[in-house]
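Structure incoming, see below.
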Amino acid sequence: MLSLNDTPFQPATLQLTGIPGMQTGHAWVALVFCILYLISITGNLSILTLVVRDPALHQPMYYFLSMLSLNDLGVSFSTLPTVLATFCFNYRHVGFDACLVQMFFIHTFSFMESGILLAMSFDRFVAICDPLRYAAVLTNSRILAMGLGILAKSFITLFPFPFLVKRLPFCKGRILHHSYCLHPDLMKVACGDIHVNNIYGLFVVIFTYGVDSAFILLSYALILRAVLAIALQEQRLKALNTCMSHICAVLAFYVPIIAVSMIHRFWKSAPPVVHVMMSNVYLFVPPMLNPVIYSVKTKEIRRGIFKILHKSQS
């Protein structure tokens, strides 16, 4: 039976889900998500503030780190409204058009993160393999152009998705499997011919995650070759140490993606809670870990944090 605002093809609202099988304990889950959001938002805002205020951090590496922090804030704020509504207020309904908007922004920021990590690997490649031309290659105008290129690429490739979804009828119910809207989740409740959506989705994944990860691996293969050519072991370790924060950020981003893909491909009978938890790890862990990684592993960021803390105490 259609509600007053439903159409024969699209429901007026969709119902979000918390964690399948969890009937109690939602207060603890809400607390965990609030802590994750607090760490992510505070950490990324702190890094942005540090880079803006400290002239010593006005360097290409930290400009790219600012892009990563800004993007991680975008990921967090894209999921925050529906996640908090679901777990804190037990409000599980989202308008169909609002769901499409959220889907677009979640996927756009996720794909942008991959592009930013690629740009950061290029930064490390130039710094180690051609240090004398580092400042000449990575000028402010080129860094800005790279950032705008990443934004344009993600926006253009993801822009058709809401329209591809909106053309479909939805006759398999209105219950989604997450506390936010994702394209694969919407495809499970859509009927009609979804081949175009699936094929275009596969193309976008290969064009972004596939190409970006391949170039990141190539960058580090060239970096490793350059490092092994250094005579002194102390200088080798020093060169590799400048890459450790970025390597950790890459692993934090790509390992959950690979895990989700492997479970989807080889463990089709996995309980729904496994798919939901892995998706949560993929969306919530990188924005939370990135500021922690760079605060712990980057001396200049640590120094900036201590300087701010010292000023606040005095």
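Each residue's number is its place along the chain shown, starting with 1.
Backbone N, Cα and C define each Cβ position, glycine as well.
Quick paste of what TrEMBL says about this protein:
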DOMAIN    43-294  domain 'G-protein coupled receptors family 1 profile'
TRANSMEM  28-53  transmembrane segment
TRANSMEM  73-91  transmembrane segment
TRANSMEM  103-122  transmembrane segment
TRANSMEM  142-165  transmembrane segment
TRANSMEM  213-232  transmembrane segment
TRANSMEM  244-267  transmembrane segment
TRANSMEM  273-293  transmembrane segment
Go through the chain and flag residues at least 6 beyond the ends of the transmembrane segment (28-53) whose CB is under 8 A from any CB in it; none is fine as an answer.
18-19, 22, 62-63, 65-66, 69-70, 72-73, 76, 80, 83-84, 87-88, 284, 287-288, 290-292, 294-295, 301, 304-305, 308
Taking contact to mean 3 or more CB pairs closer than 8 A (sequence separation of 6 or more), are the transmembrane segment (142-165) and the transmembrane segment (103-122) in contact?
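Stretch pair touches.
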For the domain 'G-protein coupled receptors family 1 profile' (43-294), report the average pLDDT of the model, please.
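That region's mean pLDDT is 91.
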